[in-house]
Amino acid sequence: MSTLSSSDILQFLSGRRDSELFAQADAEKTRVFGRDIFLRGIVEFSNHCRNRCQYCGLRAPNTELTRYRISRDDILLATRSIADMGLGTVVLQSGDDFHFSAEEIGGIIRQIKAERDIAVTLSLGDRSREEFALWRDCGADRYLLKIETTALDLFRRCRPGARFDERLRRIESLQELGYEVGSGIITGLPGMTHTILAQDILQLSKMGLDMIAAGPFVPHPQTPFANEAPGDVDESNRVTALLRLLNPGTNIPATSALDALRPGSRIAALKMGCNVVMPSFTPQSVRAAYNIYPGKNMIPSPALQIVESVRSAISELGLVPSTSQGFSRRNA
Ligand code: SAM
Ligand code: SF4
């Protein structure tokens, strides 16, 4: 792992050394993962959320959003098509929705594992250690829980009612339970500075994470941050490139927020240190309602077509869309 000081990071974040930074990040990713790009099929099974994150379109006070939950059968159907299309991981994501009991979610995980040889990643928000333990026993492999920023004031401003120390404790619990654990940040949140970003990058790199996601802030019109400036795609790319240099074997996705701000930039990020893409397998009837931010899930095509076009875009870059489960190489 390379070491970078806070002042090195600030220099790279200034954008004055972009070609050197992106070439190094791409080389580091290739050294560890070769030309493979891991595909994960994501099923966004509920857009209900009890929280009020100031940036997110799913926040509870957003009464303009049409809410949905898909059934257990539809989750299983989507998962089967992910496996049948040769993707090695299903990601089950939702708002912080406590409608499904821990046992119901556990039953879904068990059923997926009984039917298919596929890795299961969960991204269900702030749940208890007991729930995490149950789902791990049922066969869940990974959990994603982003800290969003390490700057306490900014965290409090963005996530009213949430506690940063609890988020960190949950990440530690997940690690103790044997999950592969992912976290990450939103770049360009209102009030975020390069100093904060440098601190975020250094802290994330000390946490022993198997996955790190950093995507730009996209303002949503039905949130308190509607009129804030969007994050910057180039800045987000610098952040993921720096994370790659500091975390060579960690899985780093090219986020869909990139495409929401600059179409094509998600695939382009695969040449700047990212090694994962997560096409949506949420049923077409509700996909657009998983409206975290404008531009999210706006491709109206069937999942098969989306995957085919992602695969050919990856191949056009000289990379290989992998069918493997794509575990972390952090300890490799
Ligand atoms: N509810 C769970 C949670 O918050 O961990 C999982 C779902 S949540 C929609 C997934 C991620 O979306 C969050 O971790 C956050 O980083 C991202 N997100 C939400 N609103 C966003 C926005 N306006 N711009 C960029 N990313 C956003
Ligand atoms: Fe809910 Fe997650 Fe959106 Fe926050 S980021 S409002 S917890 S869905």
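Every residue, even glycine, has its Cβ placed from backbone N, Cα and C.
The [4Fe-4S] cluster binding site annotation in TrEMBL covers C49, C53, C56. Residues or ranges marked as (3R)-3-methyl-D-ornithine binding site in TrEMBL: S123. The S-adenosyl-L-methionine binding site annotation in TrEMBL covers E148, R159, R167. Annotation comment: TrEMBL describes 35-255 as domain 'Radical SAM core'.
Annotated features taken from TrEMBL, shown on the structure.
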residue: C49; record: [4Fe-4S] cluster binding site; Cβ contacts under 8 Å, 6 or more apart: C56, L58, R59, A60, S94, G95, D96, D97, G125
residue: C53; record: [4Fe-4S] cluster binding site; Cβ contacts under 8 Å, 6 or more apart: R59, E148, C158, R159, A162
residue: S123; record: (3R)-3-methyl-D-ornithine binding site; Cβ contacts under 8 Å, 6 or more apart: V91, L92, Q93, S94, Y143, L144, L145
residue: R167; record: S-adenosyl-L-methionine binding site; Cβ contacts under 8 Å, 6 or more apart: D126, L145, I147
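Proximity of the binding-site residues C49, C53, C56, S123, R159, R167 to ligand 2, judged by a Cβ distance under 6 angstroms to any of its atoms, singles out C49, C53, C56 in sequence order.
For the domain 'Radical SAM core' (35-255), the predicted model reports an average pLDDT of 98. The Cβ neighbour count for R159 (S-adenosyl-L-methionine binding site), using a 10 Å radius and every protein chain shown, is 22. Around the Cβ of C56 ([4Fe-4S] cluster binding site), 23 further Cβ atoms fall within 10 Å across all displayed protein chains.
When secondary structure is read from DSSP and collapsed to three states, C56 ([4Fe-4S] cluster binding site) falls in the coil class.
Of the chain residues outside the S-adenosyl-L-methionine site list E148, R159, R167, C53, K146, I147, T149, F155, C158, A162, F164 have their Cβ within 8 Å of the site's Cβ mean position. Apart from the site residues C49, C53, C56, the chain places the Cβ of N51, R52, Y55, G57, L58, R59, A60, G95, D96, I292 no farther than 8 Å from the centroid of the site's Cβ atoms, the recorded [4Fe-4S] cluster location.
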